[in-house]
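> Quick one: structure below, then a few questions.
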């Protein structure tokens, strides 16, 4: 009897032990499956993907006839309108609407949380807050006068940003020096102040070696007037100096023609930037302690100051981190979104760097192709290469394209404005002809040429830059002329002379008109045959 009771007790213990092991395996498997999915940036989703994602985030099934199942109509043609207004009037209306709804473009906020909150509750609150934020942006997309650029739609990516902002004393927003305001997110600075009023945000103006010194002076004046903390920096130049290798790219050579004594225009080196970051972060910590504010739970366990790096993809965050660390610690590539998780890197006993994945913040823009040309969206996923090349052709001077690629672009016709930029088709076909890019169909491989031109544009091989908003278009053209040199000025004078009404003969005018008709398919086949026979006679 006792033996049987002992046996049954042992079996019960073994059964309970096996049951606990099975539960542990199932929990581990579910955790592994949950984190097995690679963290990937998502900027565009289809209608069905959006419906499924909303259903998962809301943790309930959507009815078939739910309102959100109806695709939101988005008018991507910003130059047209059903009311028949001109393109200029449409642009003015769009700018007024953007100014009216500028405050609606916010970074998603992390809901309030406490260390005592369990994982399920925290996850549900974050999903609900993110879903509410997505719905607010969807309501903006319903406005036909607004064009919302693609933005990050993966909650896990935004979670990385939340962690970095909470851990960091100083937030460094890395921007491209050629157009700093395009990459700057003012609401991110406001969000950092909401988390902790003592946090500061610094603009790290990367790729500053691509700007002439007078352009850096203009931007330095603009940043100072608007109380923006900034530093000019070049990750590529710092890496080359660290490795003891000269810059191979001649277009990235330091600007020695125009020197200035303004210290604000100086392009910082590695040691100077580390000292500046440490100084700014220590001031924040001292100010926080002097006012009796306790440190957050993440930073109270150590005396290190934390500097977090945030910004758009492909602006040079990972390159900057590698240059500051002194060795390759984060992946660097021309494709946006290489960094998947935030990383903490210890520089010294009192300084820690925190790298955040690149985020595409929501913004208003006239075209998504500007984001492709800027490198924010991947070039390899580009579908309309002509529109993206059009952006490059309009921003880079004609002579600069010809000098860089050693090509000769077709000149404008006599009936066209002589100062017009080259067409995208002209640039692509000329480039394909000079490089021998031919597709399998026998036609010029314009897609391959477009990808190469866009990569050169992003890398800085094709020179371009934007001026501060206070600079008028005429002033920008005048300052740009100063950097082009004597050859450029001679070329521009030739173009200005060409703008005057030339004395054309009747035969030349007829030839131009016939070529225009042929290009637009306005000439019938009979006319072509008659013209050929007339020439033979």
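Residue numbers in this text run from 1 along the chain shown.
Every residue gets a Cβ built from N, Cα and C, even glycine.
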> 244, 269, 326, 358: which one does Swiss-Prot list with 206, 207, 208, 209, 314, 315, 316, 317, 318, 319 for the GTP site?
358
> Can you identify, from 459-483, 484-508, the stretch that Swiss-Prot calls region 'Disordered'?
484-508
> Suppose you had to name the range Swiss-Prot annotates as motif 'DARXP motif'; which of 171-175, 176-180, 181-185 would you pick?
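Matching range for motif 'DARXP motif': 176-180.
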> Region 'G2' per Swiss-Prot sits at which of 332-336, 337-341, 342-346, 347-351?
337-341
> Mean pLDDT across the region 'G2' (337-341), rounded to an integer, is what?
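Taking every residue of the region 'G2' (337-341) together, the mean pLDDT is 51.
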> Using DSSP, would you call residue 208 (GTP binding site) helix, strand or coil?
helix
> On the three-state reduction of DSSP, what should I expect for residue 318 (GTP binding site)?
helix
> Rounded to whole angstrom, what's the largest C-alpha distance between any two of 206, 207, 208, 209, 314, 315, 316, 317, 318, 319, 358, listed as binding GTP?
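Greatest Cα separation within the listed binding residues comes to 22 Å.
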> Restricting to the same chain and to sequence separations of six or more, state which residues have a Cβ under 8 Å from that of residue 316 (GTP binding site).
174, 176, 206, 207, 235, 236
> Note down the number of other Cβ atoms within 10 Å of the Cβ of residue 208 (GTP binding site), including every protein chain shown.
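Neighbour count, Cβ to Cβ under the 10 Å cut-off: 26.
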> Across all the protein chains here, work out how many other Cβ atoms are within 10 Å of the Cβ of residue 206 (GTP binding site).
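Here the count is 27.
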